[in-house]
Amino acid sequence: MVVKIRLARFGRRKAPFYNIVVAQARTARNSKPIEVLGTYDPIPKAPIDGEGKKWKDVKLDSARAKYWLGVGAQPSDPAWRLLSMAGLLEPKYRPKA
Amino acid sequence: MPPPLRCTSSLPSTCVKQLCRAGQSTRSFSTTPRQDQRITRNRRQLFRWLGSQGQNFLNPLNGSTNYLGAYNAQGQLKRVVEAAAEAERKKKKEEGKANEPANSSASESGESEEAKEFKGEIPPETTRDLTPFPLNKSFVSQPVLSDDLREEIWKRVMQDGKSVRVVSAELGVEMSRVGAVVRLKEIEKEWEQTGRPLAKPYHEAVMSMLPKTPYDPTGRTNAKPHESINDLPVHRKTGTQIFHPTSESRHFTREDAAKVFDERLLPADLRVPHPELAEMHKDYKAGLSQEERQQRQMERDEIAERKRQRAEAKKAKKEAAVKKVDTGRVEFRFTEISVDAAGKDGRGFKGVGWRYGHPHMDRSRGTVKIPTSVE
Amino acid sequence: MTRKRFHGLKRVKIRATWNKYNLFNLSRLKAPRTNFMTYYQQKWSAKSITRAYHGEHIREGQWERMFTPLLNSVIPMDHRYLAEHDGSEQAAGRGSGLEKPMDLNKIAFGRNQVPYMHMTYAPIERRLDTAIFRALFASSVRQARQFVIHGQVKVNGKKIPYPGYLLNPGDMFQVEPDRVLFATGAPKIKVKAQAEKLRYERRISRQSNITRDAALARRAERRRAKEAKELADDTIELAPRQPKSAPIELGDPEVRKLRQKEFLKLIRQIEDRIGNKKVRRTGKRKQELRVLLRRAKANVIFIGRKSLQELDTEMKEITQELLGITEEVESADKAPVKRLKPESEMSDKQKEALKRAIARIRENPADTTKPYATPWRPRPYMSAFAFIPRYLEVNHNICSAVYLRHPVARPGLAEVPTPFPAETQQLAFNWYLRRR
């Protein structure tokens, strides 16, 4: 069976919040995973001093993520995007410049 | 409970007619008497009061506060009445010394004096005159910072670069208030720069109604400070009465007393907002020279500065550990965590992420659903 | 059953408002007589009258959850005392004959007591709506609550639509200045001018029909004479002006109405531009926009006194400037140049006075579009209620305030504003203290 790194949606209606999880591919989205690697909050927050860009918060255990990638876990597309941003993977899609 | 509205049938017939006629102008079919038109004794009293004593409050008093507590039952300013009586007594005394007759003329002159006082300047307010609620003497309308004082605070902090603590001690204004004044002033200046209109007339009107602490640039010592800056908050642990026997020969200090109340309670010297003022006074009492005192003050400042720098460095280190990735529209901030923090069962309180296996209680009864703080 | 009056004169309840009925009730408020009541009755009535003032809009259960028997207080310390004594002098000498017997006459009872009981309702002062009322931004707590619900209030720069938001020390709240001016300003009195104008127009139309109905006109004229006496100068001023423009433009009122609508649309456009924060603008551009807005509003106000041509040219200029075409600025510059000439003949003092007067008018202009009386002046009976407790630091210029700390009691003073004596407060405190 395939082990996947994917996002599990929690939070509330119109207030999404994701756990970055390692789970068997055939299990339900929000079922108990093998491991919770971190979280991803997709709602952008305004910077405190009011200047600069809005930011999104990602919490990630990169060592464990690396291990799971090493043993063949397959990231889903959104997870790939986050992991590539963290520098653990080559980006899958590049913006066409 | 009596019926709040009397039935029309219980009223004499003339009254019914009158009420109906009164109502005709708006609702021709309505037989309900309009509530406003019932003239009761209370309403009559109200309008009598509004026409007499109440007139004092219709408009703000020029150059003074205007609270209920400042007036007597006749609607006269208590302090004006007192001042007039005092003046009259003085005059009588003087005249009694000079010659006994001409009593009538004295009383006349006294009256004219009173009238003059009413027209002219009003004596300054005492605490009694600053009570907006006559029954509650424990609440007094305390003075607010005058415009000059606010400007001075802003200047000392933003232009002279003094610390909030120093400015607070210099001007006798709480530290939190100094910070707030600067923050609000900054916004005000920004509005002025961008041309956003300020509520100037409102500001002036309100300031004329409130007691104010003036700014005294000469810095005379007898001027009353705005507020006490060394307020010791009463700790909950000190609320209990404790019988603590010690030997008579023991030198039992505040520190020991704090220990008795609670092992971890700090003494009052460290719990006041400005402990450095007591330290400075100690140096002064010890008879140190000016240079020595300055030297010691510098040392203390240095220690405080080092402490601040350490905290800043810690914060900067934490900030640096966050990896920032700019994707154009937003910035992603990656914070490193440890999976093991969640513990063996995955429910440790330090673990991140939404929990599995037990419900989220944020919507249950009794929990606060609105934000509890705003960044 | 009818609804109970909010400001009753018979069943008196003191409310947290600036109402004149409330002021009257406050002026005749006496400490409740409790000698014929049981303790339970005393507590119940005390709670009843105090709750009518403190958060009457909050449900009882909600308040009971907020209530805490822990009351905050502070003792002001003198740093000189702290430096000179270490506290041992308070403990020394007991039992060795150094202690002096207590002299009851010398103790100032009540003077230095901490009025803890006045702090019973301190948790309510933390609420956003109450804080707005205490900062003098609204004339009652209910009005403050409405401002919050309507989204006119920001906390730390963020819109907070919850009146029950509990402020934390250091929170800054801002209320929209226009709302504050509305709440604290004198109410707008409906100007008679509108009614007079209507009456005048009706009269004019009647005059045109005079041949058709002579008798009616004569009767009307008699009435009119009476009215004219009452109205005196206004009609006299209006009468000669109206016929001048009337023969030139027959459909004048209709066209004017159209123009007015167009101007209002224009005002809305400019206001939208000013309110639109997405587009970044320089301060100068913003100022220009505001000037345009002022000009457009002035046109709406004086729409009855300007000729149609003037209105058209004004409209054209404003729209052009709004679109960023600023070639016609010269014409706008001409007017002040004309005015400057007599100013040069003035003395310095006169100039200063003129400048100040102009500044005052500019700060506090007459503007009929506002929902309050203009030029702004404080509402009646405001001064009797104007106080700011120490736990707030308010800047009225920008209608913002900072909640510095929770209210505290100190020897002789309590920071929670309450009209009731300590006994009543204590009874109320005991009511909520009970264990159920």
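Each residue, glycine too, has its Cβ placed from N, Cα and C.
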* **region 'Disordered' per TrEMBL - which of B:19-39, B:229-249, B:355-375** => B:355-375
* Asked: Can you name the far-off residues of the same chain, 6+ from the ends of the region 'Disordered' (B:355-375), with a Cβ under 8 Å from a Cβ of it?
  -> 346-347
* DSSP says what for the compositional bias 'Basic and acidic residues' (B:89-98): how many helix, strand, coil residues? -> 10 helix, 0 strand, 0 coil
* Structure fact -> For the region 'Disordered' (B:355-375), the DSSP helix/strand/coil residue counts are 0 helix, 0 strand, 21 coil
